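**Student:** Marked as transmembrane segment by TrEMBL: 42-62, 68-87, 99-121, 133-159, 171-191. Annotation comment: TrEMBL describes 260-398 as domain 'GGDEF'.
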Amino acid sequence: MIQMALRSGHGRLLGRVRIPEALRDDYAAFVLKRQERTTLPALMVGTAIMVGLFALDCWIVPDVLGMAAAIRFGIGLPIAAAFYIYLYSGGRPLWMHYAIGGSTALLFGTLACVLVVNSYAPLAPMYLTANNVTVMFVVIILGFPPPFAAAMALAIIVVQAGVLSMSHAASVTLLVLMTGISLAIAAAGLYGNLCMDRDRRLQFLSKHRDRQQLRALASQNVLLERLSALDPLTSLSNRRGFDAVMASAIADARAEPATTAVALAMVDIDHFKLFNDARGHVAGDAALRAVAEALSGAVGEHDLVARYGGEEFAVVMPVTEPLLLEMVAARLRAAVDRLYLDHPSSPTARNITVSIGIAYADRTSLPGLTPQVLTEAADVALYSAKNAGRNRFVIRACGTDLEPLAVNAR
């Protein structure tokens with residue numbers, strides 16, 4: 001949608017770029033920000049020009065110099081200052097910027113016309129050419145939308161023509177000449193206004209497209225980051241994801257006084273090579289996926305199950321109670337048992353079973369704990385379970401050479 005709008009605007013001098021309906025509110029906010037930056041400086045420039053023309057009043061309409069001073073300094077300047085103060089406080093809606101800018105331009109143009117009507121100076125009618133500055137002020141400097149800018153420019157020219165027809169030196173020739181000049185200047189200014197409006201719309205659409213692309217890229221990066229930490233076969237965290245969670249779990253456990261212990265379970269499928277040799281790798285992959293799903297369903301919401309490598313899985317338990325680890329290990333082993341995956345080549349059991357080694361670190365051993373230390377302790381517990389006959393679990397406290405705290409066998 002945005003690409004179509006951008007393509008519709010490029011390469012066309014007068015073609016107006018259409019803002020999609022869904023982006024109208026965003027575009028209005030974009031225009032308001034730009035208008036807040038331009039209206040006040042434009043108002044200052046216009047007011048300075050209006051006041052500065054008093055020097056020309058002394059030369060062109062000296063017979064109404066007192067009126068000129070009253071109009072410029074007593075009416076135009078205070079009203080412009082009031083408008084400036086009102087906008088300077090901020091938070092004004094977009095239509096208010098348009099209304100104040102248009103009113104100021106119309107006011108300045110009308111005040112100049114009043115001087116021409118009341119002056120008998122020979123150059124007074126020509127003084128209306130100064131109104132062309134007001135026309136350009138409306139269509140270019142204020143940055144109004146093209147329809148509004150055209151309406152304001154036409155209003156100023158109509159007022160100018162009416163005043164010129166009432167002046168003391170009025171003539172059809174002068175009226176046509178002055179009005180024609182003003183219309184030509186307004187047309188040139190409106191072309192510039194159209195170009196500015198088109199560029200503004202293209203800039204908005206380009207920025208919006210860039211933001212969309214950045215958001216999409218960020219989402220893709222997040223997705224790639226997540227995928228890089230996942231095992232493609234089991235959809236569990238892989239070794240990279242495991243390492244990150246382990247480091248975070250230990251750091252959080254040290255920082256949180258309420259943490260009783262952090263634990264790691266290493267889970268190995270018994271005699272999995274024999275299963276692969278007998279059933280084939282397709283069946284082996286299916287068995288790995290089934291075991292991964294069973295383990296994931298047997299852990300707590302804060303625990304992480306990862307595929308450590310081959311037929312070995314790891315379960316990180318960031319927050320746990322040592323006294324509950326036997327129940328956790330039994331639940332993990334039972335979840336795999338309930339799969340009833342036939343393993344006729346196993347010397348341990350008829351179905352696929354697992355050996356589990358669990359190591360934990362309590363508050364006393366947390367200060368010097370590292371992921372490597374906890375992993376090595378869990379590996380020692382796992383080897384103990386396998387050496388004791390497999391299909392069982394062994395639990396050890398990290399950082400101790402004492403006998404296992406819990407050994408279980410069927």
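Placed from the backbone N, Cα and C atoms, the Cβ positions cover glycine too.
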**Student:** Can we call the transmembrane segment (133-159) and the transmembrane segment (42-62) in contact, meaning three or more C-beta pairs below 8 angstroms at a sequence separation of 6+?
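**Tutor:** Since 3 or more Cβ pairs under 8 Å link them, the transmembrane segment (133-159) and the transmembrane segment (42-62) do come into contact.
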**Student:** How about long-range neighbours of the transmembrane segment (42-62): same chain, 6 or more residues beyond its ends, C-beta under 8 Å?
**Tutor:** 68-69, 72-73, 76-77, 80-81, 83-84, 87, 100-101, 104-105, 108, 111-112, 115-116, 119, 121, 123-124, 126-127, 130, 133-134, 137, 141-143
**Student:** From the DSSP assignment alone, can you count helix, strand and coil residues within the domain 'GGDEF' (260-398)?
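**Tutor:** The breakdown for the domain 'GGDEF' (260-398) reads 57 helix, 41 strand, 41 coil.
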**Student:** Over the domain 'GGDEF' (260-398), what is the model's mean pLDDT?
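**Tutor:** The average pLDDT of the model in the domain 'GGDEF' (260-398) works out to 93.
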